[in-house]
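Copied over from TrEMBL, here are the features:
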type	residues	note
TRANSMEM	A:25-42	transmembrane segment
TRANSMEM	A:62-93	transmembrane segment
TRANSMEM	A:99-119	transmembrane segment
TRANSMEM	A:131-153	transmembrane segment
TRANSMEM	A:173-192	transmembrane segment
TRANSMEM	A:222-244	transmembrane segment
TRANSMEM	A:281-300	transmembrane segment
TRANSMEM	A:306-323	transmembrane segment
């Protein structure tokens, strides 16, 4: 009897593990629903249409910034300059609006973000610098440039265009307008990752760079395109985020950097490359946002909240890695 | 002799850059002397300890994103314990802070080993945890540092141009690093950084070595936090810019990300170079923001060159 249960238990665990490995999104959905359930239990009636809209609204910039992390992590890299790129885009755009008008300002704002991406790509692809160092360095340089730039435009003031504010904060039929930008982008990224050659190349480079090089892939082209794309997405995120916050500052998006890495990791993307996808990252961003609300509601001191936040990230990742490892 | 130069080529290069920079500083500011050296050395101190902390884990093949947060915890603990403390209590406080540093590092390492989650992720999560701990200990800047302990890093030592803080740095790092590097543990740290599987098959206890490396990292971080409190006179719960600075100094100092290569001398010279560049630019009354750009550019360019050279070397 005891022997039988002992045999059965690892078997069920193994089955759960295999099921999770085949459908990596399901435990994340369960976790998300669980968190929402706890929230509803703590403060009955809080989960309504308005709350859901707000949660999505704040999760979207995080999920977009986490897209940069997800894509670069698939190749075994990381983009720590994404938040700075987003901040620069937002700040340059907002300060250029009074001078050159909205459409041109948006274009000018996106330029530095793409440029940063290209520099990152050049360093990673051609000079073979570790992505962590490269993106950290460009982020540092860009922050300095932004501070110098600020002193030249301090007189002209800044304006957040109505269109971006509408996109960032407005809602139509209860749903935030930012979904208009986010849904096509997410679909495009997921489609690109799963179905296009570029997406497959990312997984291939992340799994085994030498093997893919020998199979005829030119890594430098892929890396250059990847980091430029990451910069562009970060720039767009910045524009959306300034529409949400409505006050451009020199550290606007920076607090989102580490959560964006966390969102990608919780979503099941391996930091060593080759495994993961954007679907999980979106769920990761939602989980982090709900978790943030939950911790705010707990009325604990700020310090305790941060401790809990860190511990939960760690626990979730541990469980996730254990579960997906078991089926191997 | 030539073997010595090839072996320590990077460090020698850094040292000559440092000497050139000192000459340059003297040219910019002819009256640069003992007091200038003293303030430079004191400003470098926390950065140097953060860099030493980072260097140990990077050599062991890991990375620790929570260095700055651990420094904050150590700093506020020291400030709270030393507030109105007598002589005996101060000594106890210093020991407690160092032990806390060791414990924090060991916790980081143990979590990495036990959870098998990548080190970047674990230390990223712990960054929040230690930040939270620091905030719980001290909600706003406060506390105090015992005056006689502060005198330990202020002013010259024996000769006028040798700052006490520099001597403090050298003594602390030497006391920890030299015995470590010569011990079996030090060799094991290099081994697991160079090739974990090979180290495991050669009988190195990989998990225990990794925990020890992170514990040493925590100890250096605690020293960094302690000196920070000593130089400012109060505890600051919000972590400073030490993460970025330590990573760049470690890389500039010739420690290879990925582990197994490098030593602690190079990174410490690199951190002094970075601080000196910052000071020179300030002396030339350059906008401090431009200084950030220059610092970042130095780091990126050096790393790019290093990458290209390493790549060429491998292809041959």
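Placement of Cβ uses the backbone N, Cα and C atoms for every residue, glycine included.
Counting same-chain residues at least six beyond the ends of the transmembrane segment (A:131-153), those with a Cβ under 8 angstroms from any Cβ of the stretch are 72, 76-85, 87-88, 91-92, 95-96, 112, 116, 119-120, 123-124, 250. Ranking A:25-42, A:99-119, A:222-244, A:281-300, A:306-323 by CB pairs under 8 A with the transmembrane segment (A:62-93) puts A:222-244 at the top. The list of residues near the transmembrane segment (A:99-119) in space but at least 6 beyond its ends in sequence, with Cβ under 8 angstroms from a Cβ of it, reads 81, 84-86, 88-93, 138, 142, 145, 156, 161, 163, 224, 227-232, 234-236, 238-239. Long-range contacts of the transmembrane segment (A:306-323) within the same chain: residues 16-17, 20-21, 27, 31, 262, 265-266, 268, 287, 291-292, 295, 298, 300, each at least 6 residues beyond the stretch ends and with a Cβ under 8 Å from a Cβ of the stretch.
Beyond the transmembrane segment (A:25-42), the same-chain residues lying 6 or more positions past its ends with a Cβ under 8 Å from any Cβ of the stretch are 19, 266-268, 279-280, 283-284, 286-287, 290-291, 293-294, 297-298, 316, 320, 323.
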